[in-house]
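Down below is the structure, laid out as structure tokens.
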Amino acid sequence: MTHPQGLLDTNILILRAGIDPDELPDEMMISAITTAELSVGVLVAAGPQELAQRMKILQTVEAEFDPLPFDDTAAREYGQLWTAVIASGRKPRPRTADLMIACVAIANRLPLYTCNPKDFEGLDDLLSVVPVARPR
């Protein structure tokens, strides 16, 4: 089910060219954490082709979106998500960026669109996750 608005997980932006637009919300938003993840991706690219591809994605995202900040409201959600991940039997530390993106979604009352819904398991009571089919 699509919603009128939604926050896109970083993987959506990386894979977006192959994603059916009907699976995405009409008004797409991103978090500043996504911009940070994409920036890191550019810096750790394995070679010139990968660098060019990642730079193109980052530049497109920067031109198209005005990222939502990880603000005080999002920061207050972080502890709730951290403890929910622990309660689900998982370790929160490897999921720091994912949890911060989820906090921005919660703080802005937005569903989170992702190709990796398993990254957000155990957060069902706190976060609305919209799974998006991974391109083939």
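From the backbone N, Cα and C atoms, a Cβ is placed for every residue, glycine too.
According to TrEMBL, the features are:
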| type | residues | note |
| --- | --- | --- |
| BINDING | D9, D98 | Mg(2+) binding site |
| DOMAIN | 8-120 | domain 'PIN' |
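The predicted model assigns the domain 'PIN' (8-120) a mean pLDDT of 95.
Across the domain 'PIN' (8-120), the DSSP tally of helix, strand and coil residues reads 76 helix, 9 strand, 28 coil.
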